[in-house]
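Participant: Sharing a structure here in structure tokens format.
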């Protein structure tokens, strides 16, 4: 989505809802583990990774930083920070026993880059869109490809107009 375009559908997520969705993700992941470490895809994966790591009792948390957006404009993927060697070793170099966490898998471009780094890791996202869904192992909510998710850290308190024109 660019600054000059609007999403097909808006999906605002409150802090309470996001926390509930992260805990629901953890319930599903609890049956899959145990995990040696959590790898958050920054920045969106930081908050869900913290919640998931707490609930699963995982103490080792690492990050991989991949930039795919410049403000609201999609850009070429760029790895700013790789997974640490110590974390990669925990996964035997292939990611086995590692849990990758992100807020959203959209087109799957970021997921493909991380999968190439640690192919045997378990990939979890709170939300998934159809193009990215095949790349995640566990997710909670699927939204349509034309939906723009407004995460709580991107929102401020403001007037919300009615969905239907003239309904106010």
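The chain as shown is numbered from 1 upward.
Each residue, glycine too, has its Cβ placed from N, Cα and C.
For reference, Swiss-Prot lists these features for the protein:
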BINDING   43, 44, 102, 103, 104, 105, 106, 107, 108, 109, 110  5-phospho-alpha-D-ribose 1-diphosphate binding site
BINDING   103  Mg(2+) binding site
BINDING   106, 149  guanine binding site
BINDING   106, 149  xanthine binding site
BINDING   106, 107, 108, 109, 110, 148, 149  GMP binding site
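Quick one: how deep are these features, and who are their neighbours?
Facilitator: In three-state terms derived from DSSP, residue 109 (GMP binding site) belongs to a helical segment.
Taking Cβ-Cβ distances under 8 Å and a sequence gap of 6 or more within the same chain, the neighbours of residue 103 (Mg(2+) binding site) are 44, 45, 47, 48, 125, 126, 127, 149, 151.
Its own atom aside, the Cβ of residue 106 (5-phospho-alpha-D-ribose 1-diphosphate binding site) has 24 Cβ atoms within 10 angstroms in the protein chains shown.
Other C-beta atoms found within 10 angstroms of the C-beta of residue 107 (GMP binding site) number 15, with every protein chain shown included.
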Participant: Could you tell me which three-state DSSP class residue 43 (5-phospho-alpha-D-ribose 1-diphosphate binding site) falls into?
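Facilitator: For residue 43 (5-phospho-alpha-D-ribose 1-diphosphate binding site) - judged by DSSP and reduced to three states - the answer is coil.
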Participant: So, in DSSP terms, is residue 103 (Mg(2+) binding site) helix, strand, or coil?
Facilitator: strand
Participant: Given residue 107 (GMP binding site) and residue 43 (5-phospho-alpha-D-ribose 1-diphosphate binding site), what distance in Å do their CA atoms have, once rounded to a whole number?
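Facilitator: Taking the Cα atoms only, residue 107 (GMP binding site) lies 17 Å from residue 43 (5-phospho-alpha-D-ribose 1-diphosphate binding site).
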